[in-house]
């Protein structure tokens, strides 16, 4: 069995080196090109999908659409879920990473970005950009909508969707594409690869590059590689 992850193509805020999180930004021109190249590469290598899963953020949805279009599979059903959203970076969202490091120190920013269980400064619920004010999340209980997350909390958010939707799809024989975000994919990778809390800090997933997992019947990883 195979599973394909793809992190969205470069976003406009990736290009500007800003913390993004749940803020909804578009793909950059480079990001659009990365998504198109990924779709063509998947087609060239014979990858076909029966179902695709993505987040409710534009950059991931757009990447999913482009990948499927460029691989002549735009008909493939897509399921969008907030559970595959990027990690919520709290009050860091919209800030320049370099300037934030100059203010708080490189080590503190590294911990905020990469540690497994350290939360960023939380966003106020009445902030203009709070997810509590976004109709995408209006159906969710208020205590479920995050104001900031670490990777541990992100995994706790993503894991129920893996267990309820993605894993059963794979086990039923469906060929699955997951188009999501750096940290939601890192969280899933931690789970399926059994990566330790310490080692996950070093895992980077590049934008717009298909990551293929070969899995056994128990969804244990046999092999993984980038196309």
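Cβ coordinates come from backbone N, Cα and C, glycine included.
For 8, the entry in Swiss-Prot reads active site, tele-phosphohistidine intermediate. Among the features that Swiss-Prot reports, active site, proton donor/acceptor is placed at 86, with the record citing sequence analysis. Annotation comment: Swiss-Prot describes 7-14, 20-21, 59, 86-89, 97, 113-114, 182-183 as substrate binding site, evidence class sequence analysis. According to Swiss-Prot, the site 'Transition state stabilizer' annotation covers 181.
The secondary structure of residue 87 (substrate binding site), as reduced to three states from DSSP, is coil rather than helix or strand. Cα to Cα, residue 87 (substrate binding site) and residue 8 (active site, tele-phosphohistidine intermediate) are separated by 14 Å. Looking only at the recorded positions 8, 86, 181, the one with its C-alpha closest to residue 21 (substrate binding site) is 86. With respect to their backbone Cα atoms, residue 10 (substrate binding site) and the residue listed as 'active site, proton donor/acceptor' stand 14 Å from each other. Over all protein chains present, the Cβ of residue 87 (substrate binding site) has 27 other Cβ atoms lying within 10 Å. Sequence-distant contacts of residue 182 (substrate binding site), defined by Cβ-Cβ distance under 8 angstroms and a gap of at least six in the same chain, are 7, 86, 204, 205, 207. Of the listed recorded positions 7, 8, 13, 21, the Cβ environment within 10 Å is emptiest of other Cβ atoms at 13.
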